[in-house]
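The block underneath contains the structure these notes are about, expressed in structure tokens.
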Amino acid sequence: MKPSSSNSRSKGHAKARRKTREELDQEARDRKRQKKRRGHAPGSRAAGGNTTSGSKGQNAPKDPRIGSKTPIPLGVAEKVTKQHKPKSEKPMLSPQAELELLETDERLDALLERLEAGETLSAEEQSWVDAKLDRIDELMQKLGLSYDDDEEEEEDEKQEDMMRLLRGN
């Protein structure tokens, strides 16, 4: 028996069937319809985009339309003035304690040594030294002290010692 010719054609190279005009038009309409539907689905912003099926409650997706919960003033309101915290005032030192602090100030000592050595200070340093020396003078006047008291007392003691020596002999 001879094999049928129809079977041999189907197994071999099949000739591509040409599409009719109606089929081509239908495919073109389908392609156009698909092309129109590209992009985001309508209402995707309101729907939230991600639709994960999960248990409602804690894991519920948040609505992207809901923003910050801070209240926004709608009318003109008075300006709110913030009260500044008062700076912690330095504890009031007694004049004696303040004088001791100024006399033991390392920066003041260093600048005075530079002045004695003949160096010139910057305007800022000079004004700082002048202010500190003025404060020392004020404190010494309050306490009834002076620079010359120590020297005069030493001279007075020397004179008294001399007088005692002269009288004693």
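From the backbone N, Cα and C atoms, a Cβ is placed for every residue, glycine too.
Taken verbatim from Swiss-Prot:
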| type | residues | note |
| --- | --- | --- |
| COMPBIAS | 10-19 | compositional bias 'Basic residues' |
| COMPBIAS | 20-30 | compositional bias 'Basic and acidic residues' |
| COMPBIAS | 31-40 | compositional bias 'Basic residues' |
| COMPBIAS | 49-58 | compositional bias 'Polar residues' |
| COMPBIAS | 147-159 | compositional bias 'Acidic residues' |
| COMPBIAS | 160-169 | compositional bias 'Basic and acidic residues' |
| REGION | 1-100 | region 'Disordered' |
| REGION | 144-169 | region 'Disordered' |
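DSSP states for the compositional bias 'Basic residues' (31-40), grouped as helix (H, G, I), strand (E, B) and coil, give 6 helix, 0 strand, 4 coil. Assigned with DSSP, the residues of the compositional bias 'Basic and acidic residues' (160-169) fall into helix, strand and coil as follows: 9 helix, 0 strand, 1 coil.
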